[in-house]
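Participant: Mind having a look at this structure? Questions to follow.
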Amino acid sequence: MPGPRASLPSLSAVDNVCWRCCSSSSGRPVPGQRLRGFAIANQARPLSTSPVRPLRFGATTTVRAAASQSPRPNGAYFLSNVLLERFGGFQFSPRSRAIAGTSGSNISNTKRNATVAAADIPPSTSTPRPQVDEELPPHRRRQAARRTAEQAASASSNAPSEAAQTTPVTPPPAAPSGEIPPDASSILSNAAAAQPAQSLRRRLTTLLALSKPRLTMLVVLSAMVPYALYPVPDFLTPGVSAPSLSPLTLLFLTTGTTLCSAAANALNMIYEPKTDALMSRTRTRPLVRNLVTTRAAVCFALFCATTGILALQFGVNPTVAFLGAANIVLYAGIYTPLKRVSALNTWVGAVVGGIPPLMGWAAAAGESAVGDGSWRELLLAPDGSSAGGWLFAALLFTWQFPHFMALSWGVRDEYRAAGLRMLAWTNPARNARVALRYGLVFVPLCVGLCAVGVTEWSFAVTSLPVNLWLARESIRFWQTQGAAGSARGLFWASVWHLPVVMVLALLQKKGMWGRVWRSVFGEPDLDDDLASDDGWEYLDESEEPPAVTTRS
């Protein structure tokens, strides 16, 4: 039952009201002498039947929107402010009561108006949405939901191995567009955890994850390309009178390099499982998730190291075997512990990346060695034939810096939390300068490969676009200090740069297309012409031929 109505004002208090407007708002003619009849008519037929929405204090725009939904002007609109203040905000419709109830803090007699509004308006049954959802834009809400899902996935990935063996582990969600995606070891660890316990496939996948397959593949390719580009007359064709490259040597080179790289990567994971657990890219690696024991990982690393060094020793030459062993020691014994001590670890890691090209070049040089085949002849030849190997080593050494500086920038906070000293957080300005400095060296390095006779001069032209692309991204990374997506742009430019340069060098090896042309069209070789003239005797035309006498 509605509460008591407020007493009606006298005619003298409402003498400023336009009765013609009041008559049009009520919908029928109302005598000017009967104000009560006008109020009762408006209460009997409300101006709006839409549900009442709760209002917030200070939300003037919401009040205007609610008033604009009514098809007719409210009758209270034509009363003076003095009249409303005198009678406590007397209202003509339920909507007006709701408005007066929310703004009653500024009007007298608020307690009585609140009682009337509560009696006339039914309680709302709808649940209001949280204020956070109303204020945040849609893409911010999606990012918050994605972060919540990632936190739940990381919490489940750190569970004990027994739980992983009983229930399949789903891979974590894809990384946001601004982050570096997880490495191959983390992806393989998720695949191994989804396999049945004690299965052969689970064990093999776990061991493959220990070897860091993507990094190992890059190391092997960086050794194969210099081996194939070594300047010899014949390409993968056995010969007796001329030096050549042997497919069997190439097989031992790739096998030994793969095993040495797998051993170094496994030892790296054995050394820092606690550090890997603190970083998003490495928190799902095998040792972090207890997919393999430390003892089994050590046995795997020792087996790969021993087998790889022996394959290089007996299948290639002792110089290449020494370089493979040095690569393991530098990466697992010096680079990995140095990451907690000094930012110079990046330069040590770059030296590790420059060793595989020297291994490939020394393997090819051993096939055509004419001396004792020592490391001086293979790597420091007096005639300068080893310059191509050192240029390839410099190319891989230089490439490490723009690639890693961009990669570490995206996870610099995680490096700091893990206690790994990287320039990305210890000295961001120097981090950008180093990336710029080494990003501008690729053009002269490619020209140097043409100058020493490893590739054709066309290689300097065809490699120019990709070199300029990397140089531009390095300049942008330096100018913005890694902001505005420059770090990610430099990272992907470096990812594409190295394979493109290697493929272009292989396609433009010095003299390769000339030999292909002669083999297809059968044009005579200059050496063949000289050899065919050895049995002929040439006479000097200036000399007179001997006189021939005949007897008559």
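Backbone N, Cα and C define each Cβ position, glycine as well.
What Swiss-Prot records for this protein is below:
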type: REGION; residues: 118-185; note: region 'Disordered'
type: COMPBIAS; residues: 150-168; note: compositional bias 'Low complexity'
type: TRANSMEM; residues: 215-235; note: transmembrane segment
type: TRANSMEM; residues: 245-267; note: transmembrane segment
type: TRANSMEM; residues: 296-316; note: transmembrane segment
type: TRANSMEM; residues: 318-338; note: transmembrane segment
type: TRANSMEM; residues: 346-366; note: transmembrane segment
type: TRANSMEM; residues: 387-407; note: transmembrane segment
type: TRANSMEM; residues: 441-461; note: transmembrane segment
type: TRANSMEM; residues: 487-507; note: transmembrane segment
Participant: Look over the recorded stretches 215-235, 245-267, 346-366, 387-407, 487-507 and say which has the most C-beta pairs under 8 A to the transmembrane segment (441-461).
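Facilitator: Comparing 215-235, 245-267, 346-366, 387-407, 487-507 against the transmembrane segment (441-461), the winner is 387-407.
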Participant: Would the transmembrane segment (215-235) count as touching the transmembrane segment (387-407), i.e. at least 3 C-beta pairs under 8 angstroms with sequence separation of 6+?
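Facilitator: Output yes: the transmembrane segment (387-407) sits against the transmembrane segment (215-235).
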Participant: Determine which residues of the chain contact the transmembrane segment (215-235) at the Cβ level, with the cut-off under 8 Å and only residues 6 or more beyond its ends counted.
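Facilitator: Residues packing against the transmembrane segment (215-235) from afar: 184, 242-245, 250, 253-254, 257-258, 261-262, 265, 353, 356-361, 363-365, 367-368, 385, 388-389, 392, 396, 453-455, 498-499, 502, 505-506, 509-512, 515.
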Participant: Which of 245-267, 296-316, 487-507 has the most Cβ pairs closer than 8 Å to the transmembrane segment (346-366)?
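Facilitator: Comparing 245-267, 296-316, 487-507 against the transmembrane segment (346-366), the winner is 245-267.
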